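Residues or ranges marked as transmembrane segment by TrEMBL: B:12-32, B:53-75, B:81-102, B:159-179, B:191-211, B:250-271, B:283-308, B:342-367, B:388-408, B:420-439, B:446-470, B:490-509 (among others). Under the heading compositional bias 'Basic and acidic residues', TrEMBL lists B:514-527. Feature annotation from TrEMBL assigns region 'Disordered' to B:514-538.
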Amino acid sequence: MSYDVPELPSDRPSHGPSHDGRYDRVYDRPSPTWSTGQEAYGTGRAGPRSGAHRTLRLLRRAYRWHRRVATLTALGYFVAFLTLTVKAPSLMARPGPGGLPTGLVLALVQIPVTWLAVLLYEAAAHRFVDPLARRARRQASVSGADREHAP
Amino acid sequence: MTGFGGSAQSWSLVAFCAVVALTLLLCVLTGPEADDLPEFYTGYRSLSPLRNGLAVAGDYISAATVLTIGGIIALCGYDGIVLALSALLSLLLLMFLLAEPLHNTGRYTMGDALARRHPARSVRVTACLVTLAALVPMMVVQLAGVGELLAYVLGFSDIGMRDGCVAGAGVLMISYAALGGMPGTALVQIIKTVALLGSGLVVSVLILRAFDWQPQTLFHAAARQSGAGDAYLTWGLQYSSSPHPALDMASTQCAIVLGGACLPHVTMRMYTAGTPRQVRRAMSWAVSSVTLFILMLTVICTGATALVGHDRITAADAHGTTAYLLGARAAFGATLSRPESLLFATVTTAVFLTLLASVASMTLACANTLAHDLTASRATPPAPARELALARFSALAVGVPTVLLAVLAQRRSLQPLATVSFTLGASAIAPALLYTLFWRRYTRTALLATLVVGALSVLALTPGTTLVSGTPLSAFPDADFAWFPYNTPALVSVPAGFLAGWLTTVLSGRRATDRERTRYASHEHHLLTGPPPRRSPR
C-alpha cells in the first residue's frame, strides 16, 4: 500500500488486498472523514453507504448545483433584460454611457459577459465536478473488475 | 439590381467554383470506409475540442442567422440585436444544461438519447419523425437562400437559372452528407467557420475604421439612415404592425432560446467528442466563436444601414436578407481595387459556404435518424455495411424532395419555415430532452405525448399565424386566412409540449412513476459519468 496516506487506519479490510496500487490519485484515496466511520456499517460496496454510491450522490449534487446556478444566471439576466425592455421603455431609452440608449448598452454588454460566463463555467466544472466524475468512473471500473474476478 | 461591379462578380464566381471543388475533394478524402459505421456517424469521437467546437459553431450559424437575423438588425436595429442575443443564449444554455448529459447518453442520434431510458420502437420512430419535421423546413430555407444569394451576387434574374442553382446546391449537399458522413461535414463546417469569422473580422474592422473606431457614431449614423430615427435604437420597430407587440416579442424569443440549439443537427455534434470534458471544451470554443460572430454581425449589418441606407437595403430585398453582403460591399468603398475584390469575394464565398455546409449537416442528421432510428430497434439490426448504405441512400431520399420544395418556395417569405423549425425545437424536442435527462418519474407515454402534442400544435397553428398570411411581409401577402393573431405559434405550443409531458406523467399513476424512478436510478451512473472510455479502434 505504498500509495496510501500513512495516518489512515486500514479502512477497507474486506477488499483491501485486491485494490493494491489502484488508488494512485489523491481523490481516489478513501478519506478518513467518511470511510472509517461509515464503511464499518455497510458490508457490500453497492449498498447505500458504500464509497461508490456516495461519490455518485456527491457528483449528482455537484452537477445539479453547477447546472442550476449557470442556467438561472444566464436565463435570469436575459429575462430581466427583456422585461425591462417591454415594461420600462422610457428607462431603456434614456441616454446611457457614450450617448447610446441604456437598453442598447445593456444588450451589447451581454457579449463580453458571455465570454466571461464560459470561462467561469469551465473553471467551476474543472474545480468541482471533474474530480468527482473521475473518482466515480474509477470506482465503477474497479467494482466492474471485481465482479469479473468474483467466482 | 445587383450593385456589385463586374470584377467582384467574376472573382466571386471563381471563388465559388474553387470552394466547391476543394470541399468536395476534402469530403471524399476524409470520408469513412464502406463498412465503418461509427466513423460515418461520429468520426470515432476523435475530433479535438477546438475543431469540434468550430464545427458546432458552423452548424449553429446557419443561413437563417446570417441572412434573416442580419436583415432584421439592418432594418429594425435593437430588435434584431436582441434576436441575435437570444440565439447566442440558446447555445449557451445547450452548453450549460444539455451538452454533457446528451453526450453521456446518446450514441449517434437524438433517438439514441431518448431510447436509452425508454427503449421502444415507438420512441425511435416518433423521434425520427420529429427530427424530419424540424429539419426539412430549415433545409428548404437554406436551399432557397442559395438560389437567392447566387442570383444576387452573380447578377442574373432568370428564373430557370435560379432553379438550376438550387438544384446544383442540392446535389452538392447530398454528396457532402452521403460521401463525407460526420468527418466530412465537420471538415466543411470548420472551413466555413474560419472563413466566415476571418472575413467578417476584416469587414468589421473596416466599418469601425470608417466611423473613427466609435461604436456610438456607427449606431447614431445607422439611426439617421434607417428612416426611423431614435426608434431604431429602442424596442418595437419589428413588431410595430402587430396588435400584441410584447407577446409577439416574448414568444419569438422563447422559441429561439429554447429551440435554436435543440435542433438535432446541432445536438448530433455532442456525440462526436470523446469525453464529457472534451464536450465542455468544444462547447466553450463554439460559444466563443458564435459570440464573436454575433458581434461582427451587429457591426456589419448596422454598418450596412449607416453606409447604404434603409431604402437601398429594402430595394434589394424586402426582408433585408442581403444586408450582410451590402454592408461588406459598402465597407470597401466606392471602387474596388484588386485585393479588395478578392477580399469581398471571400466574404461572399463564406456566406455561400455557410448555406451549403449547414444544409449538408441537416441532411446528414436526417439521414442518420432515418437509417439508425428506424433499424436499431429491430430484433436483428442490419449489418454495418448495410446500415451505412442505407444512411447514404437516406441522404438522397431526404435531399431530392427538399430540393423540389426549395424550388417551389423561392421568392416567398421564408420566415414561416424557419419559425416552424425553431418552434418545433422549442415545443417538442426541448421538453422531451429536458424531461428525459432530468426528470426521474417521466414515463414513456409521457415522452410520446410531449413529442406528438408539441409537434402537432406547431404544425396546426403555424398556417394561422400572421407570418403566413394577412400582412404585406407574409408568405402569402394577397391572402388573409390568419386566425391566430401572433407571429409565432410558440405562445401556445411551447406550454402545450411541456404540459403534455407533465400531465401524462402525473396521471399515469404511482406504480408507473415508481418503476421509472428505479429505471432512472440504474441509468444514473451512465448519465453522470458517461460511457466508459473506449480505445481507438484503429
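The backbone N, Cα and C atoms fix where each Cβ goes, glycine too.
Remember, TrEMBL labels are computer predictions, not curated facts.
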Sort the residues of the compositional bias 'Basic and acidic residues' (B:514-527) into helix, strand and coil with DSSP and give the three counts.
14 helix, 0 strand, 0 coil
Suppose I define contact as three or more CB-CB distances under 8 A, residues 6 or more apart in sequence; do the transmembrane segment (B:81-102) and the transmembrane segment (B:159-179) meet it?
no
Which stretch from B:159-179, B:191-211, B:388-408, B:446-470, B:490-509 shares the most C-beta pairs under 8 Å with the transmembrane segment (B:342-367)?
B:191-211
What else in the chain is close to the transmembrane segment (B:250-271), if you only count residues 6 or more beyond its ends and a Cβ gap under 8 Å?
41-42, 45, 52, 55-56, 59-60, 82-83, 86-87, 89-91, 93-94, 98-99, 102-103, 106-110, 112-113, 131, 134-135, 138, 182, 186, 279, 282, 358, 361-362, 364-365, 368-369, 419, 421-427, 429-430, 433, 486-488, 490-491, 494
Same-chain residue ranges lying at least 6 outside the transmembrane segment (B:191-211) that approach it to Cβ under 8 Å:
23, 26, 54-55, 57-58, 61, 66, 217-218, 221, 289, 292-293, 295-297, 299-300, 303, 306-307, 327-328, 331-332, 343, 346-347, 349-351, 353-354, 356-357
Quick check: do the transmembrane segment (B:159-179) and the transmembrane segment (B:490-509) share at least 3 Cβ pairs under 8 Å, counting only pairs 6+ apart in sequence?
no
Could you tell me what the rest of the chain brings near the compositional bias 'Basic and acidic residues' (B:514-527), counting residues at least six beyond its ends with Cβ under 8 Å?
101, 104-105, 116-117, 437, 440-443
Beyond the flanks of the transmembrane segment (B:420-439) by 6 or more, those residues with Cβ under 8 Å of it:
97-98, 101-102, 105, 110, 113-114, 117-118, 127, 130, 133-135, 137-138, 141, 254-260, 262-264, 267, 446-447, 450-455, 457-459, 462, 488-490, 493-494, 496-498, 501, 505, 527
Tertiary contacts of the transmembrane segment (B:283-308) (same chain, 6+ residues out, Cβ under 8 Å)
49-50, 52-54, 56-57, 60-61, 65-66, 69-71, 73-75, 77, 80-81, 84-85, 87-88, 91-92, 94-95, 99, 193, 196-197, 200-201, 203-204, 207-208, 210-211, 215, 218-219, 221-222, 224-226, 232, 323-324, 326-328, 330-331
